[in-house]
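S.K.: When I checked TrEMBL for this same protein, it listed these features:
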type	residues	note
TRANSMEM	84-105	transmembrane segment
TRANSMEM	120-146	transmembrane segment
TRANSMEM	214-235	transmembrane segment
TRANSMEM	277-300	transmembrane segment
TRANSMEM	312-335	transmembrane segment
TRANSMEM	355-376	transmembrane segment
TRANSMEM	397-420	transmembrane segment
TRANSMEM	440-463	transmembrane segment
TRANSMEM	484-503	transmembrane segment
TRANSMEM	515-536	transmembrane segment
REGION	628-657	region 'Disordered'
Amino acid sequence: MILLLISFIGLSIWGYFIEKTPIGDYKRQSSMVEAIEDGRPDKISIEAKKKKWALVVYSFSATRNFKEIFLRPSRSIKDKKFEVFNGLKFIMSIWVMLGHCYLVGSQYGNTSPAFKQQVLSWLFCQIIVSADFALSFFYFMSGFIVMYSLIKKYQRGAEDLLLHRQAQPKQSMQHQQRRISFYDEQLNMIQDCETMSVPKLNKRTLPKQVLARWLRLAFPTYIIVLFTLSMFIYLGSGPAFYNVIDYNIITPLEEHWWVIMLFMQNFLPWGSLPGLYWLHFVANDLQFYAVVMMPAIYLYHNHNRYIVLTYLSSLVLLSLSYILLTSLSLSFSSILNVSDNRMFDLLYRAPFGPVGYYSLGIILSIFYFEYSQAVGNRELRKRNAYRFMSYIGRTKATQFTFQLLGLFMVMLMVFIRYWSFVNVPEKEIDQGRWPIVANAIFNAFSHYLFIIGFVLIFLPIFIGKLSIVRDIFASSFFRPLARVSFSALIIHGLVLFLVFFSHEQSVYFDHKNMIFIYFSLVFFTYLIALFVALFLEYPFRTMAKVVFSPPKKILRLNRELAKELNTNVDNLFNDSDNDEGDEDGENLVDQVVEQQQMEEEEIMAKAGVRISAQKEVQLGQGLDLSTGTFGKAPGDPHNSAKMLASSDLSGNSKSRLSKEVQQMMMISEFSIDKDLYSKEKHD
């Protein structure tokens with residue numbers, strides 16, 4: 001195990017040299033264009049110039065992973081509203097740790113039924129016993145965020161382009177001028193290339209997505225298991241530490257280590273725990289991703305929307321029925337009872353209950369995606385998602401009403417069990433005074449109502465309101481804490497056992513000791529989680545993307561070439577109407593059209609490679625030759641058509657312009673006038 005840890009440190013150092021030196025670069029690289037990072041046009045992309053083996057080593061670079069955790073914004077989802085989940089992830093993580101701390105203390109601490117009665121009779125202790133809501137909310141967040149990121153990755157832009165074309169009116173004959181006809185041809189070509197450049201989602205892509213998810217979750221989990229078996233027993237001390245760790249963790253893990261390796265710890269061994277019992281959520285997440293997420297994104301991508309919603313709604317209903325019938329048949333309490341493992345095994349560990357929370361997250365993710373699409377497309381504003389969200393955002397009173405409703409639902413689910421356990425007799429301390437039917441109904445519906453309540457509270461943020469609340473939960477303080485939340489959750493159980501049992505005598509189960517242990521747990525968990533994420537989680541997370549989902553290349557002109565080409569920027573972006581410039585521009589357009597017709601196949605192939613750069617250019621943006629990047633072109637959009645004609649290029653510069661650079665500039669030029677052209681057609 002020590003050699004393995006040393007090897008990871010060595011890989012991180014080697015990855016740093018891969019990042020800073022030309023080691024692993026492709027020998028043949030174009031001198032005309034260079035690749036840039038997605039969302040960072042000032043940064044040269046390392047992924048585009050390194051060989052695959054070098055990228056695998058580069059994944060372990062400590063500097064790269066440190067920047068990924070602390071500094072860089074999300075790449076998969078660029079919607080800043082999703083950054084509110086950073087604060088929610090941290091809050092839910094420490095809530096899970098709070099419940100786990102009291103759960104271990106109630107089972108192994110020096111306590112009695114009388115003190116349990118005293119704890120449950122305190123109103124605010126309902127926050128502690130409600131920590132299972134946080135775990136359900138994690139399943140919901142996972143389904144919501146992953147589904148939205150996959151939809152954006154395999155964009156359904158083809159549908160919107162088709163609606164855009166169908167919505168444009170036919171022009172009369174007098175408007176069919178040569179320039180407009182040429183723009184029509186180029187616009188269709190660009191849109192077709194954009195559609196072709198969208199990553200394909202097919203039956204061969206789905207296994208790669210599952211393998212990428214497995215690689216991200218598997219190796220950090222495997223290394224934690226190996227560390228627990230080999231070194232964890234030597235870290236603690238105290239009379240109870242060795243016996244408790246050996247009986248509850250080491251021995252079961254030695255017998256059932258293969259269960260965790262196969263991600264079946266949520267099923268096996270049935271009736272007993274496989275050692276690291278808190279890792280059941282990892283198996284659930286991977287199984288949900290393969291069985292629920294992949295069919296949902298595949299069907300939705302192929303426009304089977306109603307089949308997807310029917311499938312997901314059925315899973316939610318089956319989950320509700322399963323929890324309700326199981327709680328009724330086995331007379332479960334409304335709180336998690338550790339004296340009998342059946343409630344934990346059947347309602348929390350097994351996937352049949354949590355799958356509903358995950359499915360609900362996917363449903364609401366589709367709902368929000370369709371709303372966001374309708375915001376920028378009038379043809380889609382008949383959707384129910386847009387109507388509902390628009391109704392909420394219509395007035396502040398409506399927003400406040402929905403938020404109050406959501407807050408009431410959350411508070412009700414958290415504190416309503418107080419009336420079941422306040423001053424309850426000692427013999428009923430585990431069951432409460434509610435009848436079995438009431439406990440079963442609460443177990444079945446409470447988690448869904450809690451999730452919906454939080455959704456209603458934060459819903460105005462996703463329609464552009466409550467900027468103050470959004471800034472608080474999306475602050476940079478929560479970003480690294482949220483990004484190491486997975487590492488924190490998989491190791492917090494070990495840290496808890498280490499802190500709780502490394503005492504000279506048994507811990508007395510009271511609030512003072514539990515709060516002290518809890519804050520120690522949170523501090524040391526996140527401190528260790530930072531190193532786990534730095535050297536284990538993020539390297540394999542990046543490796544999964546490199547191996548199974550390589551990043552798209554976003555190209556721009558080489559900086560030196562761009563500076564040489566841009567010899568007269570002021571003339572390129574002037575607002576004067578020069579007839580000679582117009583005539584020269586039209587001649588240049590004719591030459592480009594003639595060249596395109598002669599080499600259409602070659603141009604389309606190269607345009608398909610470079611269209612990812614074009615997708616980053618919003619309407620009204622052009623190619624700034626002074627920096628080689630895409631930026632706003634001041635003045636009239638018509639000036640972009642004159643740019644090449646009026647530029648003063650040297651003979652050497654013109655000779656260096658390859659066909660691929662000309663095509664790249666042509667695509668950028670004609671994309672600038674998409675808004676103008678659409679307006680002319682409507683006029």
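Every residue gets a Cβ built from N, Cα and C, even glycine.
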S.K.: Which of 277-300, 355-376, 397-420, 484-503, 515-536 has the most Cβ pairs closer than 8 Å to the transmembrane segment (214-235)?
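M.R.: Stretch with the highest Cβ contact count: 484-503.
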S.K.: Kindly say whether the transmembrane segment (484-503) and the transmembrane segment (84-105) touch, using the definition of 3 or more Cβ pairs under 8 Å where each pair is 6 or more positions apart.
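M.R.: Yes, since the transmembrane segment (484-503) and the transmembrane segment (84-105) share at least 3 Cβ pairs closer than 8 Å, they count as touching.
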S.K.: For the transmembrane segment (84-105), which recorded stretch in the set 120-146, 277-300, 515-536 gives the largest number of Cβ pairs separated by under 8 Å?
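M.R.: So the stretch in question is 120-146.
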S.K.: So, taking each listed stretch (120-146, 355-376, 515-536) in turn and counting its Cβ pairs to the transmembrane segment (397-420) that are under 8 angstroms, which one gives the highest count?
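M.R.: Looking only at 120-146, 355-376, 515-536, the most contacts with the transmembrane segment (397-420) come from 120-146.
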S.K.: Restricting to the same chain and to residues at least six past its boundaries, which positions have a Cβ under 8 Å from a Cβ of the transmembrane segment (277-300)?
M.R.: 100, 135, 138-139, 142-143, 146-147, 150-151, 154, 156, 201, 203, 206, 209-210, 213-214, 217, 221, 260, 263-267, 307-308, 311-312, 315, 348-349, 351, 354-355, 358-359, 362, 366, 489-490, 492-493
S.K.: Under 8 Å between C-beta atoms and at least six residues away from its ends: which parts of the chain pack against the transmembrane segment (355-376)?
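M.R.: Residues 79, 136-137, 139-145, 147-148, 151, 160, 284, 288, 292-293, 296, 300, 305, 308-309, 312-313, 315-320, 383, 385-386, 388-389, 447-448, 451, 455, 462-463 contact the transmembrane segment (355-376) from elsewhere in the chain.
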